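Q: According to TrEMBL:
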type	residues	note
TRANSMEM	B:12-33	transmembrane segment
TRANSMEM	B:69-91	transmembrane segment
TRANSMEM	B:111-130	transmembrane segment
TRANSMEM	B:142-161	transmembrane segment
TRANSMEM	B:173-200	transmembrane segment
TRANSMEM	B:221-243	transmembrane segment
TRANSMEM	B:255-272	transmembrane segment
TRANSMEM	B:284-311	transmembrane segment
């Protein structure tokens with residue numbers, strides 16, 4: 001696979017890989033929640049850059065898109081729910097240092113051993129003109145049923161999680177008989193109701 | 001059939017410089033039209049440049065214990081992302097580089113802008129700026145999904161996420177005819193991503209200027225220029241995605257695209273400056289209860305038309 005890439009692409013993959021790892025390390029070194037969040041985002045963006053260098057444009061931009069939104073929302077919630085609300089006091093992302101170090105080192109060894117010992121398949125056909133279409137067909141083509149079931153399962157999980165987490169249910173909003181004309185909400189939503 | 005990109009035709013460096021120049025001109029045009037709408041026509045074209053030059057030489061203020069690294073990153077990222085989003089907007093019928101996922105690229109740049117503006121609010125270690133940054137993120141939750149559906153509707157009709165393919169599909173009929181809701185949502189979300197016009201609550205006077213309150217000198221120039229460039233780039237993108245881009249009689253194609261972009265800029269600024277600022281807590285419910293179903297219905301209508309071979 002590497003031999004198909006141009007020299008520039010290999011250099012870019014190597015540089016972005018180092019950047020990604022460095023940013024990943026920074027997550028656990030910096031002492032501010034905002035810096036940790038954005039170091040993690042930088043690490044993800046470097047991975048997106050690697051995908052771009054491998055000419056997997058759709059995967060690259062979707063990675064950048066999803067991870068950015070995720071990190072932005074994470075910044076809101078993590079800083080909002082911290083004991084020092086603005087997150088301006090020094091903090092650390094490291095918990096259970098010894099246990100996580102052992103787990104991390106173990107996972108690293110397993111993955112590296114796997115990468116170097118597995119007999120990876122080689123490509124026999126020529127590269128497709130549109131890798132986005134190929135990816136879509138590979139994911140959705142014969143696995144549509146699986147994807148639908150997983151999708152419904154995930155959606156049910158989201159709904160169930162929200163129902164369990166919400167403090168105010170419909171009886172709080174609409175009264176014991178669920179017959180109130182207007183829901184009793186602490187913040188008006190903007191629609192006239 | 002991928003057409004040639006600007007980078008292939010002109011060479012990479014001239015093409016990049018050309019796109020940056022187009023972006024800056026669009027930014028100045030947006031600022032000038034804004035001045036005309038707000039103050040009247042006197043010196044409208046000169047005013048943004050004069051203001052920019054003044055900011056360039058202004059001394060930079062600072063706060064106690066700012067997060068300088070993240071602050072600078074945020075300020076530089078705003079104009080950079082605005083210019084990067086222009087890379088997939090057709091200029092003269094060609095994009096700077098053409099990928100199989102142009103629309104997703106554009107959307108990703110908007111999402112990164114979302115994070116960058118929060119950094120601008122976080123960096124100075126000041127309460128009003130931080131409040132504005134959080135307001136911007138909260139407001140973003142209201143229009144991010146409708147924007148995605150609006151973008152994907154245009155891609156759905158063309159059967160491609162490539163902007164040049166979307167242009168080619170509109171030769172007979174502009175997309176705005178069959179997808180007016182997507183067009184309006186796209187333009188409104190563009191204004192919201194630049195926290196401008198009715199979506200300016202993150203920089204509102206009730207929080208002393210919000211995210212922009214502690215910006216001075218070059219920092220303020222970068223952020224304000226980035227907002228203007230992003231509005232201009234979005235107007236050009238709206239003209240390409242929904243108004244047929246460079247299609248039109250008599251005049252050459254690029255001129256048509258320019259005219260349509262200017263029309264969108266004028267309409268955006270004129271309407272935007274006449275609307276009151278929307279409170280973020282009042283836009284979230286509207287976004288989720290009204291705009292998401294509306295844009296989904298819009299996508300459904302377009303999907304049925306695609307199945308009937310309407311766009312073929």
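Each Cβ is built from the backbone N, Cα and C atoms, and glycine gets one as well.
Bear in mind that TrEMBL entries carry predicted annotations, made automatically and left uncurated.
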Q: Using a Cβ cut-off of under 8 Å, list the residues of the same chain at least 6 residues beyond the transmembrane segment (B:284-311) that approach it.
A: 138-139, 141-143, 145-146, 149-150, 152-153, 156-159, 169, 173, 178-179, 181-182, 185
Q: Excluding the flanking five residues on each side, which residues at least 6 beyond the ends of the transmembrane segment (B:255-272) place their CB within less than 8 Å of a CB in that stretch?
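A: For the transmembrane segment (B:255-272), the list is 26, 29-30, 33-34, 37, 90-93, 187, 190-191, 196-198, 231-232, 235-236, 238-240, 243-248.
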Q: Considering only the recorded stretches B:69-91, B:142-161, B:173-200, B:221-243, state which has the highest number of Cβ pairs under 8 Å to the transmembrane segment (B:111-130).
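A: Maximum Cβ contact count belongs to B:69-91.
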Q: Give the one range among B:12-33, B:69-91, B:221-243 whose Cβ atoms make the most pairs under 8 Å with those of the transmembrane segment (B:173-200).
A: B:221-243
Q: Using a Cβ cut-off of under 8 Å, list the residues of the same chain at least 6 residues beyond the transmembrane segment (B:12-33) that approach it.
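A: Answer is 5-6, 44-45, 47-49, 51, 82-83, 86-87, 91, 96, 225, 228-229, 231-233, 235-236, 261-262, 265-266, 269-270.
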